[in-house]
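The active site, proton donor/acceptor annotation in Swiss-Prot covers HIS143. Per Swiss-Prot, active site, schiff-base intermediate with substrate is recorded for LYS170. Summarising the annotation, Swiss-Prot assigns 3-dehydroquinate binding site to SER21, GLU46, TRP47, ARG48, ARG82, ARG213, SER232, GLN236 and lists sequence analysis as the type of evidence.
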Amino acid sequence: MKTVTVKDLVIGTGAPKIIVSLMAKDIARVKSEALAYREADFDILEWRVDHYADLSNVESVMAAAKILRETMPEKPLLFTFRSAKEGGEQAISTEAYIALNRAAIDSGLVDMIDLELFTGDDQVKETVAYAHAHDVKVVMSNHDFHKTPEAEEIIARLRKMQSFDADIPKIALMPQSTSDVLTLLTATLEMQEQYADRPIITMSMAKTGVISRLAGEVFGSAATFGAVKKASAPGQISVNDLRTVLTILHQA
């Protein structure tokens, strides 16, 4: 299986990498939170752009991205607009969503973009090609904050992302029971052992699913999300606790 290298970070080998999400509403908060995040122990900074109020002003968005890049130049920067239908803060049109991601790619400020699988097949394929032409990696994602589908469906979605040339397929699902967590872990393991030729990220959300955020190295998830301050999804634990557990499991 091939790994994915972003800056000096190799994703897909060793302990799962820690991603943290910064969710600031304006440029002043972007600056202050970036300074606070700089002291935390994590591997990838995700900027959740859907929390940013001045979204229609592309210059403002990119000015904020520049602050993040300059504050933490060594950290891979993942640019993520999470759509309302997949648990995000704002709803925008597909056209605006694609344009925003293209602007991020054009800026040269971001290392990775998050692209939702169900945006539309043609738009997704074109945006992946555009990102790769500009040396930007793509985390292709799907989120369901209500339920966990069958393992076959989870695997089908991850394989579809892989077929669309995502650098890292990602899926996050809400368990309604403990057995749903096992379904997610079973699907992750089967994907990893039978189909994946690149790193994948999977997680089961909420308190019930926390084990999935810790056991990635065992089952085949290459990264996990932790919280510096406010969690960006239910079930995230603090980065310091997360690093401790990931290290224990890695060294066992």
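From the backbone N, Cα and C atoms, a Cβ is placed for every residue, glycine too.
Since we're looking at a predicted model, the values are computed, not measured.
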- Report, in whole Å, the straight Cα-to-Cα distance of LYS170 (active site, schiff-base intermediate with substrate) from SER21 (3-dehydroquinate binding site). 15
- Note on the structure: Cα-Cα, TRP47 (3-dehydroquinate binding site) versus LYS170 (active site, schiff-base intermediate with substrate), nearest Å, comes out at 16
- Message: Through the lens of DSSP with three states only, how would you label GLN236 (3-dehydroquinate binding site)?
- Response: coil
- Task: Using DSSP with the three-state reduction, classify ARG213 (3-dehydroquinate binding site) as helix, strand or coil.
- Result: helix
- Would you mind ranking the recorded positions ARG48, ARG82, HIS143, LYS170, ARG213 by how many other Cβ atoms sit within 10 Å of each Cβ and giving me the lowest? ARG48
- How many other Cβ atoms sit within 10 Å of the Cβ of TRP47 (3-dehydroquinate binding site)? 29
- Query: So for SER21 (3-dehydroquinate binding site), how many other CB atoms are inside 10 Å of its CB?
  - Reply: 24
